[in-house]
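In what follows, a single structure is set out as structure tokens and then discussed.
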Amino acid sequence: MIAMIVGEIANFAAYAFAPALLVTPLGALSIIISAVLAHIILRERLHIYGILGCILCVVGSTTIVLHAPQEREIESVTEVWDLATEPAFVFYASLVLMAVFILIIHFIPRYGQTHIMVYIGVCSLVGSLSVMSVKALGIAIKLTLSGTNQLVYPQTWAFTVIVVACVVTQMNYLNKALDTFNTAVVSPIYYVMFTSLTIVASVIMFKDWDRQNPTQIVTEICGFVTILSGTFLLHKTKDMSDGLTGSHSTRQLKYTDEEGGFGSEGIPLRRQESMRTHDAL
């Protein structure tokens, strides 16, 4: 727990010193460290596909780090507020809030227990706004500690309220997704959607790509796709032993969740058991 708290504090601080375009995709490195520690401490075998997934994550992360944009120089939290209230980001935030409202009111009561994208959609959309607010709050704290008090500005407290509201909403629906669906399916889908929407929000609000040429932008996108490939490979094959094929492993993940849970396609496992029994008869 102490290690996790320290890690989250460090992740929070990172947004104050580097673009979200760089910080968010690098979260995939925690997957690599978890896989290596599980191999060393828990004696879980890291097979060839897992090693390949780790290599892909390292290559993608290195590519993004080498071509990431420089952090924008900001001297006051009011500058961040001005960026957040520009028409482009206000339009994006309005679309996000509208989509979240529709998902919560209309789709979750009807499809929340059968369609994995409903819960994850809410988490990812709200998460993109929470990262922008966390970055703004991190900048305010950094400037305050350096001698320029930002606590006197109401914008600092406004960002604080937004962070709390977004994080509470995000964690609530993420926990519901994890309680309802297989973690091996939720984790990679959530990582892809959350990271993609965060990059979009950062590009719109902080205009990260305005200071880069097309070659750098394309290289960053390629690095991100490489990380996604490694992440999916790690999650999809993490329960595979050396003698299993990919398709057989997928079938195992689909049917070996806890009793009463849901499979990777959003179908209750009890229903799957009855379907298989019917087929056998």
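Residue numbers in this text run from 1 along the chain shown.
Any Cβ shown, glycine's included, is placed from N, Cα and C.
Curation plays no part in TrEMBL annotations; they are all automatic predictions.
Look at TrEMBL and you will find 268-281 tagged as compositional bias 'Basic and acidic residues'.
Annotation source TrEMBL lists region 'Disordered' at 255-281.
Feature annotation from TrEMBL assigns transmembrane segment to 12-41 (among others).
The feature transmembrane segment is assigned by TrEMBL to 48-69 (among others).
Taken from TrEMBL, the feature transmembrane segment applies to 89-109 (among others). For the transmembrane segment (89-109), same-chain residues at least 6 beyond its ends with a Cβ under 8 Å from one of its own Cβ atoms are 83, 115, 118-119, 121-122, 125-126, 128-129, 169, 200-201, 204-205.
Taken from TrEMBL, the feature transmembrane segment covers 116-137 (among others). Panel annotation: around the transmembrane segment (116-137), residues 12, 15-16, 20, 24, 77, 80-81, 84, 93, 96, 99-100, 103-104, 107-108, 155-156, 159-160, 162-163, 166-167, 169-170, 173-174, 176-177, 180-181, 185-186, 189-190, 193-194, 196-198, 200-202, 205-206, 266 of the same chain, lying at least six beyond its termini, place a Cβ under 8 Å from a Cβ of the stretch.
Feature annotation from TrEMBL assigns transmembrane segment to 157-174 (among others).
The feature transmembrane segment is assigned by TrEMBL to 181-205 (among others).
Residues 21, 25, 28, 31, 35, 49-50, 52-64, 67-68, 188, 191-192, 195, 199, 209 of the same chain sit 6 or more residues outside the transmembrane segment (217-234) yet have a Cβ under 8 Å from a Cβ within it. The transmembrane segment annotation in TrEMBL covers 217-234 (among others).
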